[in-house]
Structures are given as structure tokens and as C-alpha cells.
Amino acid sequence: MGADDERMEGIVAAFKHAWDAYARDAMGCDEYHPLSRSGDNFTTEGGIGYTIVDAIDTMYLMGLRTEYETARRWIETELSFNHSSKAVSTFETTIRVLGGLLSAHYLTSDTLYLKHAEDLGRRLVVAFNTSSGVPHPTVNLGKPNEPHYSYVTSLAEAGSLQLEFKYLAELTQNKTYWEKAEHAITVIRKGLLPNGLAPTRLRVQQGTFQDSVVRLGSLADSYYEYLLKQYLQTQSTETIYQMMYNKAVDGIAENLMHETPEEHLAYMAELNPWGSTSNSSWMLGHRQEHLVCFLAGSLMLGAVTSGSQNGHQRVSFPTKPHELSPRGLRNWKMGIDLLEGCMSTHNTKTGLAPEVAEFRAINDTNYRYDKDWFIPRSLRLASTNRSPYEARYLLRPEVVESIFIAWRLTGNARYRDWAWDIFSSIQRHARIPTGGYGTVSDVDQVPAKLLDKQETFFMSEMLKYLYLTFADANVLPLHETVFNTEAHPFPIFSPTVTSRSDHLDIDINKDA
């Protein structure tokens with residue numbers, strides 16, 4: 001599939017508009033505020049590369065050499081993780097900073113990035129030193145061995161560190177990274193519900209689940225994403241992850257996948273605990289977060305890998321139904337249907353999807369909206385003329401991520417059209433003339449009101465996935481590459497550092 005050069009140029013120009021404003025106003029800062037033209041950091045000692053490291057592989061792929069050299073120079077001369085004033089998120093620092101460094105090393109073979117990745121990995125891996133092996137949600141990079149007081153973490157925070165630490169283990173030949181990250185999955189596996197799904201809240205020291213919602217959005221999303229991607233990352237050699245992924249998708253199909261009664265929109269429901277998780281009593285909720293839309297692409301990718309007739313090898317392009325197993329066919333259709341349902345939430349005045357959509361239940365006889373989904377709005381906020389968080393568009397990339405995968409797997413031009421429509425809406429409503437892009441306060445109000453935040457994943461994920469959707473399919477092909485949950489590409493490799501088949505005897509307090 002060939003490139004669409006004109007549209008690629010438009011996306012590169014958008015990246016430059018976002019990056020140039022950041023470099024002008026906040027170079028080195030972790031986060032950027034484009035309206036106030038300022039930045040801030042997570043520690044008082046300075047930035048730890050949240051924006052720069054998160055974006056550097058995107059600018060490298062786009063061929064922005066001047067911008068790339070500026071970012072590399074900052075990493076070479078300024079980047080330090082010896083910051084002790086405040087703990088940072090283990091999960092976010094792993095997927096954005098460690099992931100960005102590993103990706104940059106993969107793309108360039110520059111040892112500068114591996115040196116920093118190894119330094120950061122040593123500081124992060126101590127988060128796994130708990131009595132259960134479930135990682136603490138935060139770590140003080142400058143004082144990694146100081147006591148922690150976090151009692152609870154999330155399914156995503158504990159179960160979405162594995163791609164990064166396994167690749168780091170392979171590069172450094174340090175087996176401890178691999179074992180500690182994989183042991184956390186073993187603990188999670190023991191607490192899964194019979195349907196293969198899991199609550200969102202996990203006790204750190206005990207390694208057991210709290211009574212909490214079962215959903216595919218916040219606090220959970222990337223756990224399910226990484227089940228499939230761990231299987232793919234190591235040449236489909238770790239079949240335990242294929243088994244866990246298949247079981248989870250069966251649970252999703254049976255419990256969470258729903259369709260609205262009038263427009264037949266596919267969406268993912270939530271299960272809210274009623275009583276306790278031990279008695280498996282759940283109340284169905286019809287709320288879907290924008291974050292859930294990553295799953296459409298994952299289902300399609302899983303269908304042509306884990307769901308192929310031979311069980312693990314990718315099918316030909318474009319996908320042919322006879323090459324898929326019955327489970328693969330089901331998952332393929334689920335992915336397509338969910339992506340269409342997610343696209344329906346872009347039917348707003350701005351053409352952008354809200355953070356949360358509530359869907360019409362099939363048995364809801366009192367439904368009062370004119371379409372099969374709506375943005376939840378409280379009467380209290382309405383009386384103050386304020387828009388709810390649910391109505392925001394945070395420049396999230398999940399729908400575009402799934403569109404990219406769907407395009408690569410099918411070659412269907414509608415997916416490129418959808419991607420361009422979303423990009424055009426961002427240009428109309430989120431672009432700030434003086435530089436940068438802001439969060440849209442309410443997707444159903446025009447002219448759009450912007451909030452003073454340009455999320456780092458806008459340059460790392462959104463613009464990268466858009467660019468790759470219009471690039472030649474030989475750029476980071478899916479049979480050679482696995483993307484972490486922050487869109488950082490890693491190679492698929494045959495592991496030389498392997499984990500033990502029985503995780504229970506691993507010394508989880510062994511130092512890296």
C-alpha cells in the first residue's frame with residue numbers, strides 16, 4: 001500500500017506546529033500549556049523527558065532532522081533521572097520515557113538512548129520489590145529504595161510494564177527485568193475472574209483484587225492490550241499469553257460486548273460489583289470511555305495472529321476469512337463493529353469524540369435521546385454553565401490507533417478517510433494559532449473552548465498513528481513491530497533472555 005504524500009505533509013506540519021511551540025516556550029519541561037505558553041515539571045529538579053523523549057521517535061520517523069537533533073542534544077546534555085523531590089508514576093514513566101528511549105534506540109541504534117534506558121530501568125524496577133511482586137504505582141527516581149506507602153494500584157499499572165522491561169532485559173541481558181515484570185502477570189493471573197476478566201483495583205502487598213468495576217477503559221485498558229502484544233513480541237513463543245488473551249476476549253464477547261437497539265451500535269459495557277466479586281454478582285453499566293476504542297484494532301490484530309487457522313502465524317494481506325479460525329472470525333467482526341461504534345461517537349458538533357459516551361441499553365424503555373448514545377451531563381454542572389469532564393476531547397489517540405491497524409490489515413480506503421476526518425476536526429477546533437494544540441472543553445459546542453493542556457501523547461501517539469496511516473505500509477510493518485501502549489515501536493524478537501516456566505520460585509526482591 002502506497003503513501004499519501006499530501007496528507008502526510010499536513011500531519012508533519014501539525015507536528016511541527018505542536019513541537020515548535022513547546023520548544024519555544026517550555027523546552028525541557030515535562031508538560032506544556034499552550035494557552036499560557038508555559039511548561040511545568042513533575043519534580044523541582046527539572047524535567048525527566050516526558051515530552052521530549054515521548055516525541056523523539058515520531059520526529060525521527062517523520063524525517064524532521066533539525067527537531068530530532070535538538071531533542072537528542074537535550075537528552076545528551078540535560079536528561080537526568082536523579083530527581084528526588086517527588087515520586088513519579090511507575091506506569092506513565094515506563095510507557096512514555098523508558099518506552100521512548102527504547103524505541104529511539106531501536107530505530108537509530110544510538111547507544112545514548114540505551115544508556116539512559118538502562119539507568120531509568122534500574123530506578124524503576126525497584127517498584128516491583130513488594131511482598132507480592134505487584135509493583136508500587138509510584139517510585140522516587142532519585143531515592144528508589146525509599147519506603148512506599150501505596151496500598152492499591154490498578155490492573156493497567158501492574159499489567160502494562162512487560163513489553164518495556166522484557167525488551168530492556170533482552171538488550172542488556174539482565175534477566176531480572178524480565179522476571180520481575182512477568183511475575184506481576186503471574187500474580188494477576190491467579191486472581192482473574194472465571195471469565196478471564198479482572199477488576200480494576202489490585203492490592204499491592206497482598207497481590208489480590210479489590211471489589212471494583214470490570215471495564216476495558218481507564219485503570220484496565222492496556223493490560224488487555226499487553227496480553228496479545230506480549231505473545232507477539234517474542235515471536236509467539238510464550239503461549240501462556242495467547243491463552244490469557246483468548247480467555248479474556250471470550251469473556252469480553254460474552255459479558256461486555258453489546259449493541260444498541262435502534263442504530264445497532266457496538267459498544268463495551270462495564271460490570272459494577274454488587275456485593276463482592278467473590279459471589280460474582282454484577283450490575284451492567286452502559287458507559288464507555290474513549291480509551292476503550294483501542295480494543296477495536298487489538299481485536300483485529302489478534303484475529304490475524306492468535307486467531308489464524310494455524311494458531312500463531314499471521315495471515316496474508318488483505319485478510320481472507322478462510323484463514324481465520326472460528327474464534328478469529330468472531331474477533332475480527334467484533335473489532336470492525338466496535339470501531340464503527342467508536343466512530344459514531346464522533347457525531348458531534350466538532351466531529352471529535354467525548355471522553356465518555358453513555359449508550360442506549362436494549363431494555364431501556366425510558367430512553368429520551370434522539371440517537372443511541374449521549375454525553376453524560378449532570379444537572380448540577382448544567383446550572384453553572386460548565387461542561388463536564390465526560391464532554392472533553394483530550395487529543396486522545398485510541399480511535400486513530402485502531403484505524404491505523406484496520407487500514408494496515410484491510411487496505412480499505414474508508415479507514416484513511418476516517419483518519420483524515422478526525423485530523424481535520426482537530427485542525428479546526430483544537431489548533432491554537434500562536435502554537436500548539438489544546439484540550440477541547442466540550443465536543444458538542446462550537447466555537448470550541450480550549451483548555452490549557454497539550455498532552456504528550458498527542459505528539460507521541462496521535463500524530464504518529466495518523467502519519468503511519470498515510471505512510472507506505474513498509475514503514476514499521478506489523479509483522480516486524482509491536483507498539484507499546486504509548487505508540488513506541490519495538491522489534492519482534494526471538495528471546496535469548498527467557499523467563500522461568502514456574503514464576504513462583506523467583507526471588508522477587510532480587511536487585512537488578
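Glycine is no exception: its Cβ is also placed from the backbone N, Cα and C atoms.
These come from TrEMBL:
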- Glu92: active site, proton donor (ACT_SITE)
- Asp221: active site (ACT_SITE)
- Cys293-Cys342: disulfide bond (DISULFID)
- Glu355: active site, proton donor (ACT_SITE)
- Glu398: active site (ACT_SITE)
- Thr485: Ca(2+) binding site (BINDING)
Query raised in the report: Residues with Cβ closer than 8 Å to the Cβ of Glu355 (active site, proton donor), same chain and 6+ apart in sequence?
Result: Glu289, His290, Tyr389, Glu390, Ala391, Arg392, Tyr393, Leu394, Arg396
Query raised in the report: Relative to the Cβ position of Cys342 (disulfide bond), how many further Cβ atoms are located within 10 Å?
Result: 27
Query - Inter-residue Cα distance where the pair is the residue listed as 'Ca(2+) binding site' and Glu92 (active site, proton donor), in Å - result: 10
Report task. Under 8 Å Cβ to Cβ from the residue listed as 'Ca(2+) binding site', same chain, six or more residues apart: give me those in sequence order, or none if nothing qualifies. Result -> Ile95, Ser160, Asp221, Ser222, Glu225, Tyr226, Phe294
Report summary line: Neighbouring CB atoms within 10 angstroms of the CB of Glu398 (active site), all protein chains considered, total 25
Report summary line: Counting other C-beta atoms within 10 angstroms, the emptiest spot among the active-site residues Glu92, Asp221 is Glu92
